Each structure stands twice: as structure tokens, then as C-alpha cells.
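See structure below.
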Amino acid sequence: MSTSVALTFAVAGDSLSLGKLSSPTAARARRRSVFQLATPNLQSDGIVAHPPDSRRSAPSRPQLFDRDLSVPAVLLAGFLNLLGFTMTSPIQPSLGKHFSLQIGASFGSLTSAYPLGMMLGILLWPSLSDLLGRKFVLSLTLAGSGLGLMLQSWGIRRCCTLEQFLAARVLTGCFAGNGIGGGEHLSKYLAWKDASSTLAFIVGPVLGGLVYQVFGGDGLDGAGDESNRISIVILFSAIASLFAAMSVALLVQNKDGSDRLARASVPSADEEIADGPTVDTENHENGGVYETDIVSCPLGTRLWTGVASVACVSALYHAADSTFFAFFPSLLHNRLNFDTRAVGMAFTSFAIVSFTVSAFVASRFMKAFGPVAACTMGLGAVGTGLFTLGYAASLPIGINMGMTATLILGASALYYVGVPLYGPSVPTMLLRCVPPHRRGAVMGFDGAVNTMARIISPLIIGEIHRVHGAGACFRVAGSCVYVAVSVALSRRWLVMRKLYRTSSPLPPP
């Protein structure tokens, strides 16, 4: 911004020259001119600077959307986008029944299709955001996601083939992967982002179950056409995504090329994780050159050994997590006879458990014991929950239903206790490992590895489910998590041993 001398003033709507003012007015005008010499000219940025005159006319009545609603609009868009995604989680067994799928690799493809498309979107949208503007691309991707869901809804209603439906899901996933972050007030924004995402995960499943029961058929008695019910739920998800696109297009402000979205982001539905607490990620510098040995990295003393270790742990977790969400609704449906509404209520209840741990336990635990302890403790709970699910799924069908339900629901609650403990640890460890000028590339690498794990695992473990049953499926997923725990603990032990050796004083000659 530049400074300028104002030669005229608006007085009662008329522009008057300084030289034509009367004596007292001229004195006041000279004082005003001195004030304006030191005042930045904010008019070029859309902000009007007024002289400190108490007799200045009252400002005009603010117009609609006068205030900057960019961050609230993006938070609303994130909530609606995730709401549409979580609404469809209880209908997974109904989708399999609609396509007459046996639980296996084909059933797992229903889960793998979306991240496959997201893998393509990650390569496209970030660069287009820099070229065309973040607001335009974010509105486009949200609208594209809504249109993709509408295509899925129409395909279900028209009894399309499985291949056509999967193609529509891949297309919908292509419009994901447009996360934009950074800028001022980031910690406050992340807190609100986490709250909006948590609300979506709590409200979405139960809302999806209710929509399935009420709007898709003849009422709460369960009668009605199955395909129509599935189509209506997906249609509601599409409407939520379209409203998210409208909130960005109408409420986010761009002024003189400055993009307010540089301060905000809409989380991708398939990769949403809890944000960790703010950590000290300042890098040590020697003569303005970043160090390549990151001594604060918990799982490595060098950049890429630490990053590779964290990425390996993260990929193994995502493989197990994708397996859980692909086959857990079917386990509830087949072993506990849960209908779609009951499955939605179960997901909502578990989301409340996860929120409670995230709000009152996770950050305190990490501050007290560090990210590696939080990572391994959370993964331990997740792995134990998955192994218990595998044991419960292997019990004979005729065994006491109460004990089976207690094991399945208790193991699921333990799984949801572990997720918020583990979630913040990975970005925290990556930020400690990576200097600022390399974080974009490293975060992109970690996201690509995780997405690949989410694509492959439902197909492979789904085939294990088909051949060996649900018990083997969840035990394999639990084994992946325990391998991740082993990698984290072994890498931490190696790092601490090396640091201890380098810090030990040399023996006297």
C-alpha cells in the first residue's frame, strides 16, 4: 500500500478545494492533510480510511454479505461435504445386496473406488488452484462431487451395473483432494474445522439411517423398495455437497486478487483425520541453511528415514481403517441383525466416544508422553479392537447373542478410543521431521501412500473375507496395525540409541 496526500474532502456530498475554504475550515483542513500524510491509502484494497472527525456522516447501512464470511463459509462447506459422505456409511450392506455381491473383493471395490478417483484428483486440483484461483476450483470440486453423487443416485434408481456404479464413484472421487491450508489465525481455524468435522461424523450416520427408513419407502415399518431407499440417501448426500459449493461461491470473498481461501480448507471426505495440537516446529539453521539431520524427528535422525518410517506406520493404519469401514457395517448387519437405521445409530454413538477422547484425553496425553507414545497407544487400542472383532466374528452363530453383541460393540468402542489418540501423532511427527521448505512435498507423499493403502486393502482383505470368513478379515487388519506399532517402537529405539551414543562423553585417553 502507498501513502498519498488528499487534496479534497467530501463535505455534504460536494468536493471542495483546500484553497477555497474559509479560515477556520482551512486550519482544520491543514490538520487533516497532515493526518492523511501518515495514513496508508487503503482504498486500493477495498477499505476506506476516514479522517478522525466526530462530525463525519454516519456510515450507510451494510449490504448483504458486507462482512468477510470466507472462513465460516468454508467451515460450513466442510461440514456439508463430510455430512454427505457420512450419511452413506450405514447403507454399505444394502449396496452389496442391491448388486447381489458376496462379501469379498467385489464388495470391497465399493470402498476402493472413491480413493482411486481421489488419487487422480490429488494430481490435478492443487496445481489448478494456483492457476485459476482457489475459490473457483473449490466451488468446482464441491459441485462436481455433488453431481457425481447425483449420478450415483440416478444409476441406483435405473438399476445400472456394478461397473457403471463404480465408474460413477471413481468420478466422484476425482473431485476430492483439493485441500488448501495455512495463513493467519491457523490454530483457531483448525479448532473450528475439527469441531465442524466431528459434528458431521456424529450427525451424518444417524441422519442417513433415518432418511433410508423414512424417505426411501413407505415409512418406519421397513417396507418399500430397497433401490429407492439407497437412491434417496445418496441424493441427500448430493444435495449437501451442492449446498457446500454454493456456500463457497456466494460467501467467500476475493478482493483485488487476494484470495481469502489461503486461510482455509475443506477437508476431503476420505482422508479426514483429527488435527493435532500445535507443536514447536521451528528448524535449527546454520548460516541460513536448513539442517538435513532433523534431531527432533521421533522416528529418524535424517529427513527421509524419519519420513519413510512415519509413512509406513500411517499406510498400515489406513489399510486397517479402510478395511474396518468396508466390512464393519456388514458385520453388524449379519451377526447382530442391525438394520440400516441401527447401523447409523451405532456409528453415531462411536463418533461420540471418539469426540470425547479427542476433546478431553488426546491432547493431554500427547503433551505428557509425546507423539510416539500417543501413536503406539492409539494403534494398540485400534489393533486390539480389530483382533477382538475377529474373535467375535469367528464365534459360532448359535452362541449367546448377548455375549457376541458385547464383544462386537465393546471392541468397536475400543477402536474408536484409539483413533483420536493415534490421529494427531502422525502430522505432529511429520512436522517435527520436515523443514518448512519441504513440507508440501512430504505431506503430498504421505497422502499418496495412504490413498494407495485405502485403494488396495479392501480388495485384498475382502478376498480373505470371502475365503476364510469375517474373523480372518479383521484379524489380518489387526495384524497390520500391530506391525505399525512394531515399526514405530523399533525405529524409536534405534533413534534413541544413536542419540545416546552421540551424546555420551568420550572416555579419557
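Using N, Cα and C of the backbone, Cβ positions are placed for all residues, glycine too.
Keep in mind that TrEMBL annotations are predicted by a computer and have not been checked by a curator.
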Among the residue ranges 99-124, 151-176, I'd like the one that TrEMBL describes as transmembrane segment.
99-124
Checking 397-419, 466-488 against TrEMBL, the stretch recorded as transmembrane segment is 397-419
Region pair the transmembrane segment (230-252) / the transmembrane segment (397-419), three or more CB pairs under 8 Å:
no
Would you kindly check 69-87, 195-215, 303-320, 397-419 and say which stretch has the most C-beta pairs under 8 angstroms to the transmembrane segment (340-361)?
195-215
So, taking each listed stretch (99-124, 195-215, 303-320) in turn and counting its Cβ pairs to the transmembrane segment (69-87) that are under 8 angstroms, which one gives the highest count?
195-215
Beyond the flanks of the transmembrane segment (303-320) by at least 6 residues, Cβ under 8 Å
292-294, 297, 375, 379, 382-383, 386, 422, 426, 429-430, 433-435, 438, 442, 445-446, 449-450, 452-454, 456-457, 461, 477-478, 480-481, 483-484, 487-488, 491
The mean pLDDT across the domain 'Major facilitator superfamily (MFS) profile' (70-496) is 83
